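Annotated features, as they stand in Swiss-Prot:
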ACT_SITE  93  active site, proton acceptor
DOMAIN    99-333  domain 'Radical SAM core'
DISULFID  106-338  disulfide bond
BINDING   113, 117, 120  [4Fe-4S] cluster binding site
BINDING   160, 161, 190, 219, 220, 221, 295  S-adenosyl-L-methionine binding site
ACT_SITE  338  active site, S-methylcysteine intermediate
């Protein structure tokens, strides 16, 4: 199979030329593939193309995406979780999060995850494989088609560790920006932090994309190394001090602030002394803290921080001069919230 999803307009012009067609036929394919209001789901539906050209493309194995919708779950707040099957019969999940003026797509970069964070459902069954860029982009098509709305924002916060699939990640970002017409500034890449990869991400972004304007979000979740190691096993390989050093360098290179994701776990990392410790750790450079209320999952005994305590924690950070917000959880009643995505439909 030759997936056209992810092809640039120039790529598709070349496809047309290779089959004896005029270049504008490639531009027609491009429009029918990426234009939300004029999108087709298969080559057969592009009726502006000559029939013989459509038949040639199908005979040569060209397709418009390769994921298959298996299940969908609509939460009370309008959040939609989709369970998609790959051609090798693996499963991946993505989430559409609507608000009044935008639609955020939460995308997966891998089938499963190797990081085994103790508070997250995704890593419970380990990593199966990384996704191809076309499989990442296909998630956007499904969200737009199912929600009948154009995606305006992208967060790589679904299944998997994006920086362990960096080539396909950056190819996806290029297409999201240029083909799906979503500004890099509306794209967020979330990582638990992999040694040497934060620096590599900024370097490769300039090489592949020509710029680095997306938001880097670090899944920090602790104010010190000891606590972080207890909830994120991979933290043993990358000291929290060096993560912050690399983030400072990222800001210098890109001019973009770094976001720190901080999942509040009652009795683990949510005391005011942790807020002070976190403030001292990250002060002095352009950053923002996203406090996240824990979403309960099976097999895990962590408890959600009471709202009153979370507000006190937020106030302490703010009083310490840290830009901070308390993120409202979406879709938790359908296991579509942060930390609840997994490879199968066992939990519904």
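Glycine residues also receive a Cβ, built from the backbone N, Cα and C atoms like all the rest.
The closest partner of residue 106 (disulfide bond) among the recorded positions, by CA position, is 93; the full candidate set was 93, 113, 219, 221.
The CA atom of residue 221 (S-adenosyl-L-methionine binding site) is located 10 Å away from the CA atom of residue 117 ([4Fe-4S] cluster binding site). Fewest Cβ neighbours within 10 Å among the recorded positions 106, 117: that distinction goes to 117. For residue 161 (S-adenosyl-L-methionine binding site), the spatially nearest entry among the recorded positions 93, 113, 117, 120 is 113, judged by CA separation.
Of the candidate binding-site residues, 160, 190, 219, 220, 295, the one lying closest to residue 113 ([4Fe-4S] cluster binding site) when CA atoms are compared is 160. Here the candidates are the binding-site residues 117, 120, 160, 295. The one whose C-alpha lies nearest to that of residue 93 (active site, proton acceptor) is 160. Of all Cα pairs drawn from 160, 161, 190, 219, 220, 221, 295, which the record names as binding S-adenosyl-L-methionine, the longest spans 19 Å. Here the Cα atom of residue 117 ([4Fe-4S] cluster binding site) is found 14 Å from that of residue 295 (S-adenosyl-L-methionine binding site).
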